[in-house]
Amino acid sequence: MKCLCFIVLLAIVIAQSYVGVEAAPSDGFVSRNGVQFILNGKPFYANGFNAYWLAYEATDPTTRFKITNVFQNATSLGLTIARTWGFRDGAIYRALQTAPGSYDEQTFQGLDFVIAEAKRIGIKLIILLVNNWDDYGGKKQYVDWARSKGEVVSSNDDFYRNPVIKDFYKNHVKTVLNRVNTFTKVAYKDEPAIMAWQLMNEPRCGVDKSGKTLMDWINEMAPFVKSVDPNHLLSTGHEGFYGDSSPERKNSLNPVSANTVGADFIANHNIDAIDFASMHCGSDLWFQRLDQNSRLAFIKRWLEGHIEDAQNILKKPVILAEFGLGSDTPRYTLANRDGVFTTTYDIIYASAQKGGSAAGALFWEVISEGMSNFAGPSSIILSDKSSTVNIISEHARKMGLLGETTRK
């Protein structure tokens, strides 16, 4: 009982400490001007990481220190962005949305804490609103909810077409964006610590390989999100696969399997309500058996192609929102992982140095100390003195200096 009382008291003290908290140096909404991001009137570069688990761990007040540790370690290395989930759907442990329109307040307060702590420490957040994959609910859960209400649905991709499911998604958007943070007392849609929303993690629609179904969904949902929240940037959460609008790129750059997923990098980002382009580089997932030289050559072609198209066709910034090299990749070595990071960062820096469209890169993924249950093949602990962390820190330093030089 004494322990419980202490935890409750501690939570109250922490909550009170956020009210009227001074703005961190990074405070202010991130906007864009052409192919560059702008923060407080000056160019801003997105150096960062993925940590999907932040709200999950923050749901328990006794493990919130992990979020604090990660954010503090990140800022000490010069990192500026964390990309994380704003969803956890269905009958799962610590679900955020337990049923359409029904939310677990304790889990929502976990997300509140993540945002408040990011604001206090000086990290900007990119928050995703749903998952393409079944993990943590995803579009499959939305389809299951609709089926349980008598809707006739035959595929998980009915997520994009069924009007009831689309209303479920819109209601989730409204609930999250209008949420008033219990720590800061600021609505999410008014919170500068949030850099951007992404419509979905890795949107795909395999039942319509033409890309029309996914395109129609983005055309509907992107303006809807903007109607609820005009303050924040918005992107798709796209992997970067080319579609029929770019047949040459589709044939020369896409992994063969990507030609059937109904996504279109150019068309899906070439609408006014989408502020910046998103791409991933899953070379270890798409081409597991490549030798290192071939892998690095693909990364170079993939990144440079998207950067060029963001610059010349979309005329918007592009963020590499996921990249890395998993330890389960055949012939994996730490040196090979370092090579992937170095090659990736060099290409991003070369564009940014010229004022180009490459606005930053977010590696997959960060975990905190003592999180072996969350550790995956690509997990990195920032407090480790690994060679990869040194590469991350050096790139952040260079991009930070570039930002300072640009601001003069």
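Cβ from N, Cα, C; glycine included.
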Per Swiss-Prot, member of Trp53, Trp85 binding substrate alongside Asn201, Trp364: Trp85
Recorded positions: Asn73, Asn201 - member with fewest neighbouring CB atoms within 10 Å: Asn73
Alpha-carbon distance [Asn73 (N-linked glycosylation site); Trp364 (substrate binding site)] in Å: 16
Active-site residues listed as Glu202, Glu322, least Cβ neighbours within 10 Å: Glu202
Cβ neighbour count within 10 Å of Trp364 (substrate binding site): 24
Where Trp85 (substrate binding site) falls in three-state DSSP terms: strand
Minimum Cα separation from Glu202 (active site, proton donor), reported as the residue among recorded positions Asn73, Trp85, Glu322 that achieves it: Glu322
Additional residues surrounding substrate, by Cβ distance to the Trp85, Asn201, Trp364 centre under 8 Å: Asn50, Tyr52, Arg83, Thr84, Leu128, Asn131, Glu202, Glu322, Glu365
